[in-house]
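A.B. asks: So TrEMBL has the following annotated:
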BINDING   Cys21, Cys35, Cys38, Cys44  [4Fe-4S] cluster binding site
BINDING   Gly74, Lys75, Gly76, Gly77, Val78, Gly79, Lys80, Ser81  ATP binding site
REGION    1-25  region 'Disordered'
Amino acid sequence: MDNAGTTAPVGEVPEDANQHCPGTEAETAGKASACEGCPNQQICATAPKGPDPDLAAIEERMSSVKHKVLVLSGKGGVGKSTFAAQLSFALAGQEKQVGLLDIDICGPSIPKMLGLEGQEIHQSNLGWSPVYVEDNLGVMSIGFMLPDPDEAVIWRGPRKNGLIKQFVKDVDWGDLDYLVVDAPPGTSDEHISIMQYLKATNVDGAIIVTTPQEVSLIDVRKEINFCKKVGIRVLGVVENMSELQQQIEMFYGGAGGAEKMCRQMRVPFLGRVPLDPQLGKAADEGRSCFEDAKCVASSTALKSIIKRVLLATEKNG
């Protein structure tokens, strides 16, 4: 019993729920007196109760994936998808078997960044097959399902969540060393869904990408707190476009900067990636920056960061 004399909640409690919410999986969800007037009342009243029966199938499918790494950002436009794409290229270049899962349902940019625009998903008796860049680098994204790359995806939460569940339950990833998950900015439905679906599959942790501006770091702090709340380890923070740092220090008098924030929040700082037009060009053209001699500034920084990621994940087995 809690301090108010009510039973402890069963399952998730939405952030906008009423006080004394019984929990989304409780038999009284959406029907209890505490649910009256709650914006989630109708959904909770009609949703199936109890543990999701698909979680066992997801756990079995993910059992052949050694390491699972989420790439997150608090704000859009910080280079998160570019980092996820180049991380996948780098791991594949080290002879790892790699899968890249794009769960940014409304803004899928991974197909372009991997040079896979216009490709389609195929199905076999084992499930959906990823689209392959190389034999050891497979990709899955809603971008492969859209008839027109300019078409807007206007979906509510339940439909997004259903597709994300299919991506982790029905895609035949095979035996992978790494599954890299590129999530949309913020802490929305997609984040809650992927955390819920992968909860029992030993996720290694999350890499959070930011830029040096304080407006970006404010949102990164929220992202770190989100990870702590849902029990996902923060592998570290990457500061992208780091050449902005000197300008920011001029404006903020030494404030700003991801490294300082990491010390304050006690999470690892993985390193800085310079503002490099060649890296942006490689992403636009769907290429690995590690094979471009003009991309030496960003590729050198990325190699150092990815080495730290490998060390952090290999410790997990």
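Using the three backbone atoms N, Cα and C, a Cβ is placed for every residue, glycine included.
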A.B. asks: Taking the mean position of the Cβ atoms of Cys21, Cys35, Cys38, Cys44 as the [4Fe-4S] cluster site, which residues outside that list, in the same chain, have a Cβ no more than 8 Å away, listed in sequence order?
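C.D. replies: Those within range, site residues removed, are Pro14, Ala17, Asn18, Pro22, Ala29, Gly30, Ala32, Ala34, Asn40, Gln41.
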A.B. asks: Would you mind checking how many other C-beta atoms are within 10 angstroms of the C-beta on Val78 (ATP binding site)?
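C.D. replies: Other Cβ atoms within 10 Å of Val78 (ATP binding site): 23.
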A.B. asks: Out of Cys38, Cys44, which has the highest number of nearby Cβ atoms, where nearby means within 10 Å of its Cβ, if these are the binding-site residues?
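C.D. replies: Checking each of Cys38, Cys44, the winner is Cys44.
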A.B. asks: Would you mind listing, in sequence order, the residues at least six apart from Lys80 (ATP binding site) in the same chain with a Cβ closer than 8 Å to its Cβ?
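C.D. replies: Listed in sequence order: Val71, Leu72, Ser73, Asp182, Ala183, Pro185, Val209.
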A.B. asks: Using C-alpha atoms only, work out the spacing between Gly76 (ATP binding site) and Cys35 ([4Fe-4S] cluster binding site) and round it to an integer in Å.
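C.D. replies: About 34 Å separate the Cα atoms of these two residues.
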A.B. asks: Cα distance, Val78 (ATP binding site) to Cys35 ([4Fe-4S] cluster binding site), nearest Å?
C.D. replies: 39
A.B. asks: Under 8 Å between C-beta atoms and at least six apart in sequence, can you list the same-chain neighbours of Gly77 (ATP binding site), or say none if there are none?
C.D. replies: none
A.B. asks: Which one is closest to Cys44 ([4Fe-4S] cluster binding site) in space, judged by CA to CA distance, out of the binding-site residues Lys75, Val78, Ser81?
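C.D. replies: Nearest by Cα distance to Cys44 ([4Fe-4S] cluster binding site): Lys75.
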A.B. asks: List the Cα distance (Å, whole number) between Val78 (ATP binding site) and Cys38 ([4Fe-4S] cluster binding site).
C.D. replies: 35
A.B. asks: List the Cα distance (Å, whole number) between Gly79 (ATP binding site) and Cys21 ([4Fe-4S] cluster binding site).
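C.D. replies: So the Cα of Cys21 ([4Fe-4S] cluster binding site) lies 38 Å away from that of Gly79 (ATP binding site).
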A.B. asks: Which whole-number value in Å describes the distance between the Cα atoms of Ser81 (ATP binding site) and Cys38 ([4Fe-4S] cluster binding site)?
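C.D. replies: Distance (Cα to Cα, whole Å): 36 Å.
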A.B. asks: Between Cys21 ([4Fe-4S] cluster binding site) and Lys75 (ATP binding site), what C-alpha distance do you get in Å?
C.D. replies: 30
A.B. asks: Please report the Cα separation of Lys75 (ATP binding site) and Cys38 ([4Fe-4S] cluster binding site) in Å, rounded to an integer.
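C.D. replies: So the Cα of Cys38 ([4Fe-4S] cluster binding site) lies 29 Å away from that of Lys75 (ATP binding site).
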